[in-house]
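A.B. asks: In case it helps, Swiss-Prot gives these features for our protein:
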- 23-39: compositional bias 'Low complexity' (COMPBIAS)
- 153-180: compositional bias 'Basic and acidic residues' (COMPBIAS)
- Lys356: N6-acetyllysine (MOD_RES)
- Lys367: N6-acetyllysine (MOD_RES)
- Lys485: N6-acetyllysine (MOD_RES)
- 20-39: region 'Disordered' (REGION)
- 152-180: region 'Disordered' (REGION)
Amino acid sequence: MALKRVFLLRSVAPRVAALSTKPQAQEQPPASPEALRGCGAAKAVRPPVPAVDFTNTQEAYRSRRSWELVRNLLVLRLCASPVLLAHHEQLFQVARKLLGQRMFERLMKMTFYGHFVAGEDQESIRPLIRHNKAFGVGFILDYGVEEDLSPEEAERKEMESCTSEAERDGSGANKREKQYQVHPAFGDRRDGVISARTYFYANEAKCDNYMENLLQCIKASGGASDGGFSAIKLTALGRPQFLLQFSDVLTRWRRFFHQMAAEQGQAGRAAVDTKLEVAVLQDSIAKMGIASRAEIEGWFTPETLGVSGTVDLLDWNSLIDSRTRLSRHLVVPNVQTGQLEPLLSRFTEEEEQQMKRMLQRMDVLAKKAKEAGVRLMIDAEQSYFQPAISRLTLEMQRRFNVDKPFIFNTFQCYLKDAYDNVTLDMELARREGWCFGAKLVRGAYMAQERVRAAEIGYEDPINPTYEATNAMYHRCLNYVLEELKHSTKAEVMVASHNEDTVHFTLCRMKEIGLHPADGQVCFGQLLGMCDQISFPLGQAGFPVYKYVPYGPVMEVLPYLSRRALENSSIMKGAQRERQLLWQELRRRLRTGSLFHHPA
């Protein structure tokens, strides 16, 4: 079965007893001055944490020359103009024709490109990285080049790459759940998305090219500084059909578990707290005709159950990989028809090879990142890809996060199931003893996700309101912070431009007793946005990172378009940033420090 290939990435971890959902206190080894930061680090006595003031413009912009502040103001003001934004692509084209490419590129470097992009190649980005590092701000390196496709071309590529051979010839039509079926109305995944890069599958050679670019990005991260990050998207590494099919498998298998939980009177419980009685579960599966009682008893052994004697969702999920010989039994009941349906789809030989190469590319990147001492951040994507992306990331974490978290998963807190996803992954890391690495974001695909769910006809996966998303973000973050109070085997990045969320994090860190020097909590913002948050944090000793894209001017124009649109979509934050920039320029004029030189 083709999906077994997924788990070649995994090195089997020893099974220990199931734990509760609450982080449990653990005895820590004595602290030593030489202790490394992060996973496995011992916590030593630390100096007091300086107060962080996001209104002190002198400190916030200490790293910037006055002309840079003027450029920032100009760019942010242009991003606030609805007329300019509505026609910015046409304006770019006109400017390029009038000025010529050379002068156009120079103009872009003086404005939008210079504000949002670090440079054209690995050498040209080094001065900015060194400069920011001197003021306490690290980097997440990202090769920002994208294909500039027409909507029609993007739709054609998406339909071809997300449809299996069986679906094309009619034998596999409509087998997947609605959410995981490709739909022509949403073939252009860029539509309605303003803050995330999008890749479209062309062929295996193109995926190899992306991998080589990412390897160069990892090399640059390792050479530029210690402790850097690189970011990757799994849709750049292979045919998205596999991600859709695997996501469908994982979702249906999880839903089957919750159906049986409801039969045992456990409907509505948190996912990590739902535990099924083994004997009742075995009876239910046998009555459905999935397998004989004798076969089923072989599934649930002390090795898989620990000492709990019950089956939770983590035990249940493990059947797909650790018990792959049971693949012929992986069927689930169709609620509408009452019939048993196979869970795993059939792949052609070519499709299986494409999937295998995708997994190999992931493996190559993870190995290279670990060798270079670079942490690899797996970006989140659309909800119909995300179950597969999260599971593949988890398999990489099991293998590479033994001593410290090199692989970070991204959790989108606008999803209704975000808290379940965070708690389940954290629990699995505890049980198996590997290091948990997470980036928490609100999410980049909200408008597209809502429209798609309504149009195709499945439950909206997004929280109903912005306030509900904020509450979910803080709930997930608080859970991870409570874990950090007792364990050094986890790290979290608070990737947010929301000042209230950053304040919440700082307050909880102080209450819990987490020191910034321990390096377990870090912050992330985009280059060119929210310097008034990033630099005060960095100068106070908190680990903070800028998401730093690079690439040739003409090839990062799609990225620049999204940055302009994103600034317009978060007007409250951008307006505050403009006010602070004006305030600092007036202060410099008033005090005679207009020619301020950062030092």
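Residue 1 is the first one shown; counting continues down the chain.
Glycine residues also receive a Cβ, built from the backbone N, Cα and C atoms like all the rest.
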A.B. asks: Give me the long-range Cβ neighbours of Lys367 (N6-acetyllysine): same chain, 6+ apart, Cβ under 8 Å, in sequence order.
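C.D. replies: Set apart from Lys367 (N6-acetyllysine) by at least 6 residues yet with Cβ under 8 Å, we have Phe400.
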A.B. asks: What number of additional C-beta atoms lies within 10 angstroms of the C-beta atom of Lys485 (N6-acetyllysine)?
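C.D. replies: Taking all protein chains shown, Lys485 (N6-acetyllysine) has 15 Cβ neighbours within 10 Å.
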A.B. asks: What is the Cβ neighbour count of Lys356 (N6-acetyllysine) at a 10 Å cut-off, with all protein chains included?
C.D. replies: 16
A.B. asks: Take the C-alpha atoms of Lys485 (N6-acetyllysine) and Lys356 (N6-acetyllysine) and report the distance between them in angstrom, rounded.
C.D. replies: 40
